[in-house]
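Trainee: I'd like to ask you about the structure that follows.
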Amino acid sequence: MAEDNYSLTTEFILVGFSDHPDLKILLFLVFTAIYLVTMVGNLGLVALIYMEPRLHTPMYIFLGNLALMDSCCSCAITPKMLENFFSVDRRISLYECMAQFYFLCLAETTDCFLLAAMAYDRYVAICNPLQYHTMMSKKLCVQMTTGAYIAGNLHPMIEVGLLLRLTFCRSHVIKHFFCDVLPLYGISCTDPHINELILLVLAGSIQVFTITIVLVSYSCILFTIFSMKSKEGRGKALSTCASHFLSVSIFYGSLLFMYAQPHSVNEGDKDVPVAIFYTLVIPLLNPFIYSLRNKEVINAMKRTMRKR
């Protein structure tokens, strides 16, 4: 009889940062600033790569798509979070919740494959410079980018499809600032162990596959760099890889901590600081990591400003 009295939940309440009402204005201003800078930085980088013919190379095509996915990630999370700072009920429907997770998962999965493609591109450029245009042809670049988007869509389709098998009647409160699957598993009336297992297998497989490509590529790169006799050539080669390696380390480190641990499936509400880092801070940092230390991007910006 007790089970019959349960009503299925079709709306959720995102708790967000309501535990800190005294910091509401400050947090709103900080996250608004992060959102605006993220969108201007990433979309500005996409526009620059599109307008500057000298940047129409595989590395910058991958970088432009990475910036586009970072914008997608920020758009999926931040507007609703900012709205909830001043919302009375902080409600989100089940389908809005799934859409939010879909676009977040799309962005993060596509980023994994794009970062792996960028690592392979640097490997070819440094280890096989004379064969670069043959090994990294425009056709291969398009195929790798298309493959990243296909994989990026397949992963959230599977995860969202599995979410549809769950029913929610225990609670409608999500102790998070966005709809992530881990808090949803915690309030599900249906046993979520199948979902947890598939999430662990899929997320783990994607990260292991792409990280392996990155590690193998950088192992070959470092071996080639330290085999160089010229200090100038060694420094130039290292500088071309430094920004990408920094971005990869930050991105994969936070994702592995969040999703590729068996214990994390039951502790979604305790991982909010890590979630803030990989959903808000990383998209903010990437344009600066790739632009401020990149002479080609800086020179392209100067040329574009002169034309204007």
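The backbone N, Cα and C atoms fix where each Cβ goes, glycine too.
A quick note: this is a predicted structure, and the numbers were derived from the prediction, not measured.
Annotations per TrEMBL:
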- 41-290: domain 'G-protein coupled receptors family 1 profile' (DOMAIN)
- 25-48: transmembrane segment (TRANSMEM)
- 140-158: transmembrane segment (TRANSMEM)
- 197-225: transmembrane segment (TRANSMEM)
- 237-260: transmembrane segment (TRANSMEM)
- 272-292: transmembrane segment (TRANSMEM)
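Can you walk me through where each of these features ends up in the structure?
Mentor: Here the domain 'G-protein coupled receptors family 1 profile' (41-290) has a mean pLDDT of 85 out of 100.
Beyond its flanks by at least six residues, the transmembrane segment (25-48) meets 17, 55, 63-64, 67-68, 70-71, 74-75, 78-79, 81-82, 85-86, 280-281, 283-284, 286-288, 290-291, 297, 300-301, 304 of its own chain at Cβ-Cβ distances under 8 Å.
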